[in-house]
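A.B. asks: Annotated S-adenosyl-L-methionine binding site per Swiss-Prot: K17, G18, R19, H135, N205, H206, Y270, Y271, F272, in sequence order. As annotated by Swiss-Prot, Zn(2+) 1 binding site applies to C52, C55, C74, C78, with the evidence given as sequence analysis. Among the features that Swiss-Prot reports, Zn(2+) 2 binding site is placed at C65, C68, H86, C90, with the record citing sequence analysis. Residues or ranges marked as Zn(2+) binding site in Swiss-Prot (evidence: sequence analysis): C208, C274, C276, C279. Taken from Swiss-Prot, the feature domain 'SET' applies to 7-253. Taken from Swiss-Prot, the feature zinc finger covers 52-90.
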Amino acid sequence: MTIGRMENVEVFTAEGKGRGLKATKEFWAADIIFAERAYSAVVFDSLVNFVCHTCFKRQEKLHRCGQCKFAHYCDRTCQKDAWLNHKNECSAIKRYGKVPNENIRLAARIMWRVEREGTGLTEGCLVSVDDLQNHVEHFGEEEQKDLRVDVDTFLQYWPPQSQQFSMQYISHIFGVINCNGFTLSDQRGLQAVGVGIFPNLGLVNHDCWPNCTVIFNNGNHEAVKSMFHTQMRIELRALGKISEGEELTVSYIDFLNVSEERKRQLKKQYYFDCTCEHCQKKLKDDLFLGVKDNPKPSQEVVKEMIQFSKDTLEKIDKARSEGLYHEVVKLCRECLEKQEPVFADTNIYMLRMLSIVSEVLSYLQAFEEASFYARRMVDGYMKLYHPNNAQLGMAVMRAGLTNWHAGNIEVGHGMICKAYAILLVTHGPSHPITKDLEAMRVQTEMELRMFRQNEFMYYKMREAALNNQPMQVMAEPSNEPSPALFHKKQ
């Protein structure tokens, strides 16, 4: 295997993990360790008409490719930038007569690039797609069946005039996608819109309490001169001080679960046994399953309440999928009432309920009640998450907005400031989310100052402003969680 070179990091053999990356210099919180453009990336099947196929921004009006009628772009700039990667895809779709699923499209794009450039390492690339882990040998019976279907479909889609690859190599690429696919989000970071392969990122090992985070940046093509454009990329950012020689890690999954469940999830999705400190020592497990102290409920009562919470979550998922949001609120209220005397405020079953009910009530514009639940949710999250966790920052931001809409100006402003401080580390000052949050911070600070000077006049102006302004910050509730870092084929 050929290993490339890159400033700031180097490949090494991590004990018990295989390959990994370590820092070659010292880093501090918010430092960008490296940025990487996608080797190949595609939009999810369900969003191909709503998301630009170049920068992955969600837009209302998109330009459609006049030949295949499939690809969509923000403008001519994005369409021109996409042509190198879309050219083969365009003719293949026309020949095949239909559009294959996202996995097939991504595999084809990867192999067209291999055909075009070979598998040698380019500048700044540490590893080729040929040398990424595929874990095909660990696939279960169902996964092997899905793989055979994908390979068969790929062979029908792949043009006969293109370079022909072996079945083993095609299977390897599908395995790479399965294990190394990175979720791409829209420009607001609120919705997963696609999946991409970033070879250097594939070398960064997992830790449930990592020292880095990965953020997707859609880039910016708004400047008139192309020399000022920035490209779509991922950024590996430091969450705190990282010493020279220290291994760089990210979390492949959400931390908010007990260690055994996280280990089970990692084994199922990524085929390894997590040996991080938090899993080995079961750190914070007592908080995740926390119960009230005085009086302390019996083990039998706790067991029954956990099962009741799981059953209620299933009912909630069904109601949400059917758009029955008032039913969701009713189920959450009933469950929280029963959880209250049993679970502590950090219990994951209570936090899941608080998250759902605050989100749905915000969507229904019942902001006063939503703000109460959102504050409780944030209080629990702050005791569990890493202080610079991106998901914590997003949750605090949403809670701050909910409280602002409820008229809790001081609480809302405080939360927005806290979220802004976190996102400066995890996303950086130039990310669209951080820019939006900075605008909100300035606005709430101005309103807070006005509120303290003349409360009566403030409420008159606020009422007038809200009546003339459509809601833009509360999206329709979704069964999908916040976008996960790494994409797992459903």
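Each residue, glycine too, has its Cβ placed from N, Cα and C.
Tell me what's around each of these sites.
C.D. replies: Its Cβ taken as reference, Y270 (S-adenosyl-L-methionine binding site) is surrounded by 19 other Cβ atoms within 10 Å in the chains shown.
Following the DSSP three-state reduction, the secondary structure of C74 (Zn(2+) 1 binding site) is coil.
Of all Cβ atoms in the shown protein chains, 18 besides its own fall within 10 Å of the Cβ of C65 (Zn(2+) 2 binding site).
In the three-state DSSP assignment, the secondary structure recorded for C208 (Zn(2+) binding site) is coil.
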A.B. asks: Which of the listed binding-site residues (K17, R19, H86) has the least company, meaning the fewest other Cβ atoms within 10 Å of its Cβ?
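C.D. replies: Comparing Cβ neighbour counts within 10 Å for the binding-site residues K17, R19, H86 gives K17.
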A.B. asks: Around the Zn(2+) site formed by C208, C274, C276, C279, which additional residues qualify by having Cβ within 8 Å of the site's Cβ center?
C.D. replies: H206, D207, W209, S259, R262, K263, L266, T275, E277, H278, Q280
A.B. asks: List the Cα distance (Å, whole number) between Y270 (S-adenosyl-L-methionine binding site) and C74 (Zn(2+) 1 binding site).
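C.D. replies: Here the two Cα atoms lie 35 Å apart.
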A.B. asks: Using Cα coordinates, what distance in whole Å links C68 (Zn(2+) 2 binding site) and C52 (Zn(2+) 1 binding site)?
C.D. replies: 15
A.B. asks: For N205 (S-adenosyl-L-methionine binding site), write down the residues of its own chain that are at least 6 apart in sequence and whose Cβ falls under 8 Å from its Cβ; none is a fine answer.
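C.D. replies: When sequence neighbours closer than 6 are ignored, N205 (S-adenosyl-L-methionine binding site) has A14, K17, G20, L21, E247, L248, T249 within Cβ distance under 8 Å.
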